[in-house]
Amino acid sequence: MPFRGRRRQSALRGLSLAATFCLAAGSSGISGALFATPAQADPLPTAAGLSINSANLTVEVSADFPQALSYTETSSAKHLSGARTLASSITINGTDQPVKVSSQKADAQTVNYLITPNNLAGVSLDAQLRVEGMTLTFKISKIKDTAENRVNNLQIKNQDLVTVSSQEPGATVASAVVSVDRAVSGDTITNLSSTTALDPTAKRSMLAIAATDQLAAGFETNSLYDSGNTIGPSDQGKFWRQALADGTGADGKPAVKMAVSSGAWLYRSAGSDQTEELPWSKVVISGDANADGKVDWQDGAIAYRSIESKPAGGDDVKNRVVTHIPFNFASQATHPFLRTLDDVKHIALATDGLGQMALEKGYTSEGHDSANSDFGGNFNERAGGLTDFNAMLSGGSAYGATFGVHINNTEAYPEANSFSNDFVDPTKKGWNWLDQSFYIDQQRDILSGSQQQRIDQLRSEAGPNLTMAYVDVYYESGWKSYRLQKGLKDAGFSVASEFATAMPANNTWSHWANDEKHGGSNNIKAGTQILRFVDNSQRDIWNPDPLLGTSHIVEWEGWTNQNDYNAFLKNIWGNNLPVKFLQQQQITSWKSRSVDLTGGLKVTGTSLADRVISQQGVPVLKGSNYLLPWSAAPVSFGSGAVNDTTQNKLYHYSADGGTSTWQLTPQFATASSLQIYKLTDYGRELIGSVPVVNGSVTLTAEANQAYVLVADASVTTVPADPSYGAGSKVKDPGFNSAGLKDWNATGGAAVERTAQGLLVAKLGQGSSAISQTLGSLDPGSYSIGAWVEIEPTTLTVTPAGGAPISVTVDQSGAENFVASDEKRGTYFQRLRVLVDIANAGAPQLSISAPAGEAAVRIDDVRVVKANKVPTTGILSENFENTDQGWLPFIKGDAGGQTDPRTHIAKLNAPYTQKGWNGKTTSDVLDDTYSLHSHEENQGLVYRTSNYTLPLQAGRQYRVSFDYQASLANQYTWVSGYDSGKNPVQTASTAIPVATDTTRWSQTLSAGSCGPAWVGLQRTGSSGGAEFSMDNLLVEDLGPSAETPACASLSLTSGQDVIEQGQTNTFSASFSSSEAQSIAGLSVALDLPAGWTASAATPATAATLPAGGSLETQWKVQVPADADGDYTIKAKASYQTTVDPIGSRSATTETAVYTLPKPPTKDTYASDMQWIGTPSNGWGPVEKDQANGEQAQGDGPPLKLGGVTYPKGLGAHAASSIRYYVGSQCSAFTAVIGIDDFQKLKGQAVFSVLGDGNSLYTSPVMKGGAAAQTITVPLNGAKYVDLKVAISGANNGNAWSDWANAKFLCSAPVAPITLQPTLSVPTDSLQPGSAFTVRVDQLKSGSTAKAELHSDPIDLGSVQANNDGVASFQVTLAQDAPLGNHQIVVTGTDKNGLAATGTVDAQIKAANPNPGTGSNPGTGSNPGTDPGTGSAGGNSSGGGANGSGANGTYVNGSGGSFGNGAGMDAKTGSNSASSLAETGFSGLVLPLGIGLMLLLIGAAAIIVRRHRHS
């Protein structure tokens, strides 16, 4: 068929053109689709004499192309095939280029090649094949190109480094990629056979191994892809393989072969003139490397280690037994660098010197997520700056500790020195917490040299014991990732990252892999046996394994609120030490229930609970009990580190405790006895000596307690004197030494170990003190303080030759809410004095308390150089020299015990200031620093205390400060007092918008109810709420004329938003803290004009007892025209009943806003106001960007199916967003799906609800699946909820996009005119008739009513079904009025609007002489002018019976075979079609002619038979 042939030719031509286009357009990258089955050539003959060889290996190579044809092991003469087809082209810039090749054998081991593309003038490549040992290396040593013909990338797709075939026994190709879905292995092991499926295109992997039963081969390459190439992520395109037909095997079955080739090489990135490393690949050949009597992929994996490009710092991994995260955040400096050094020493003593990696999160600027794109040059001064940082590094090395830092090369914050309009893209927002970050232009960063300069600056400034760089939130792959890794590696850093998939070439530690709270089971650790076989000791990124285990991190230094040192230690002993013991050796054989390793190690079992680890045949671990040999030599880290691995001590641990007997390994079995030490906070504690009997020892252990055993007591690991406080001017500032040996303690003061295992000093119940002569201080001002859990306590500093300076406090209601502080949840706060040292010398420090039952605890004494702020009042603060924290303010309860969103902001004009990138306010108001709150959590943001700002009872004060506020009524200035441990708020004043620096001034009187305080509260919930403060001044105005109330008053709204024209509820809560009862209590509201209120419950009380409360519910009527934001105030007034008797009042106010006006045109959901605050599974819901992280505005662009959407909502399951549309919108439209950012991860179910009723529910939407476009009728809903539900076991990665979300509201929706219908002709009704009235387009579940008019007769009420249909079953009464009527139906239409519809109805008298035909007619159109005859004719066939027509005609439907189209009642003619179609409805029948009746009956039968034949 020529036509079909032409169509096929056209289709093929289209495919060819499409492929050509892809090749041309893909010049800057390699597409996976381009590796189709290559053209096959005849098998290559071995070129005589063209072979190269080492002492171990002979390789036959092609003279016509740099391909190995075969490998022969010299000692065994065993053989492995190389290429079986001749390559004749190289893919350059995505296009296959035919080439000419010449070759020359340079020496016995080397052949050189010159490769010249036929069609690229001026381009040539020098290449080489060289064999050394058991390894063949292919490399391109030179690329020559021209400006017109640049070589950007290249690939030899069918170089076929090794080929195995199903014709060879044991033919296998094992490959691996990094899979972080715990349920999905990253391994593919292909055992080639005649049934192996052929591959239409190549498959790719990060690692590949080929084997037969003779030899195995491992491969390495520097394959690299440009960033943005889909093959690049997780280095999954390093190796290509493809199952192809290989003729017919000896058994007559089809044979299948598979070859392994390198992936593509990148020479120049798109837009770059810089060239990358020249391409190379390697093949290493191996026999039975693990001596298990067979050759398989595991032998190739062992051999691969000899050519592997190992991760930088990989050799350090096995000695990083203890990983911990000292955390500094938001200017709090809770872990100064010298404090961390002491913690490192403390851990070393508790673990007898196990190797540590201390990862500093917050070493820059104001701490974590502050200017962390500044790798160097911006060290956290409040934590000690560069000097103390390097002291920490150098001091930690003697205790087996090395350090890492948390850097960010994805996002930058405006405060960073590196920040600029060129450095970032100001339109792309990133993480948003303390500040809004912006995504770095990484290509420019690389090409400008900025990235490497920042790396080099860190390397040059920090000491050599900084060995690791943890790269946060790094998503890039390919070239950008390679250049960052290379820069860090060249600078001597090992690489770690948040994700196990990031930077896989060098990633040695993944946070999500070690801390299982992150990521969910489908995005957490690397699940691949092959990669772990190779690199088990080089990385900590692995899935849990029942034999090998996996490393974990359990924190205690404030990261993610963790503060349990006991749990930290338990993780070391119960999990990490056995993992690291196995990592000391390399895996050699891995079976389902056993793993063999070098060093004589073997693991057997089925789970961690029953596994046994043996060394040299001796069990050293049984389940959760062990006696592990270890080296006592201090460990060192970094490039060139050499560690003594001699096993000369033993670690003993039993999870449950008890007595156990252990056979000793040969190193210890000959000893006569072993010294056993219990490990404590202070190091080794000698328990005694245990005899060695027949090479065994019997030990008794406490549960979860670690011990060390040595044959020689002189074998130690940790220095005897830890010298706590070195460099800090305070000896043992954290009370880590036993017995307060560096302090003068009196009155029973001692060290206490808290329930979390933290060490503090505790003063005795009698008069008690601790004191110390500090280190010598140079002249100047100093802040000297300590963390104190306060009851009456005095901190005194006496300078040498000077007068004592002290501060005394007796109580505090200020709970510690700082999540980064181990003391969170307690009432520890920092107590300090500012001291001027006139003459150099050593001051005396004393912390004392009088006798009392309440405990006083002390920790972290610190001396910091400071500058006093001059004041004209009792206190001034300009935040220019704050030593740590936000003094005089401390964090309040906003967000609870969490990381605050307030910090001391640093000027970096113009980026931190008003006007840049749409900023409406400045972060910094004066000089260099201001206190800045960024979109803070609701609650008390910060407050003073009686020791940061002492306010005396009975005096009046003025508090003033400079401020800017981006929005009105988002923050309030509050004051109150502490009643015991409970802060009581007594006054609140909303802060108006101020986009220029404005002076705030307010007076308050301090009462006798408790210590007075002032502070900032976040009351609003709007995004973009900024508040900056500077130049705080507190002045004493003298005695107060008023006595403040000892009471609190709060006011809350009972609804998210105020509904206009409706009654809204408010609740006022009054609580008295007066010492005695009060009288005449009255609570009143102060409302905006036009608003009215009535108390639904009592608002007055004649008396109220001490500590009593009054709750008043208010009904507030809001005018229909109210619109916008309002402030509702409340005031409580009462009289005291004991001295001082008088009137008291407490006030408060709350900000509310009214329902937005419903849209009147099509409106994007992201441009509309939410009702309340949406709930969301991760961070906040985002507008016009995807979900992002924990802060507003930190998501990437919305992207579904490769399409970027500028408008929409970014949510995360489980999520709920409410809108008010006021029945004015007909439909909601959106494109829904899981954002492309999550790739194949995440799943969720979307739904739309109107007024609480389900309108739409999606199927399960999964990452990587196609998005869906939805249009949902709203059926008149007033409120619309957009919900996303969790699908599956967890909601990890469920970034749920409502892209292009829009409400269709182009015009006000008019009520639908209902169209009721009857089940019978409308003029056929008679008294007593039964019929159905049906009406549709109603709102599902609504009630409709029917009436007969004009004399209304109720026909009933019916509820519409799910399809919006109501059916009324009606039977007319016998006395129903005759004549013309209307049936009127009223109800609610599908849009929720009141609707009406009518249908005419005629009720006639019953026919006194009805026809008797057996099949009465049902014609739907009996004519419009009926005759007057009294009866119709009879029909015995299929004819019809006229119901009152003139006797000159019959109207009918012709029985069951067709409907009459109606007839003219006067002429009897029928205007319809054929006889069969009209059913004789127009046939004239003269009266009295019976024959005709018979003919009609017969004809009806005939026609009926014809219709159904």
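Cβ atoms here come from the backbone N, Cα and C positions, even for glycine.
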Motif 'LPXTG sorting signal' according to Swiss-Prot, located in which of 875-879, 1065-1069, 1475-1479: 1475-1479
Sequence-distant neighbours of LYS294 (Ca(2+) 1 binding site) in its chain (C-beta under 8 A, six or more apart): GLY170, ASP213, ASP288
Nonlocal neighbours by CB distance (under 8 Å) for ASP299 (Ca(2+) 1 binding site), same chain, sequence gap 6 or more: ALA211, ALA216, SER286, GLY287, ASP288, ALA289, ASN290
Of ASP288, ASN290, ASP292 (the binding-site residues), the residue whose Cβ has the fewest other Cβ atoms within 10 Å: ASP292
PLDDT averaged over the residues of the region 'Catalytic' (313-585): 94
Extra residues within 8 Å (Cβ to Cβ centroid of ASP288, ASN290, ASP292, LYS294, ASP299), Ca(2+) 1: GLY287, ALA289, ALA291, GLY293, VAL295, ASP296, GLN298, SER589
Three-class DSSP secondary structure - ASP299 (Ca(2+) 1 binding site): helix
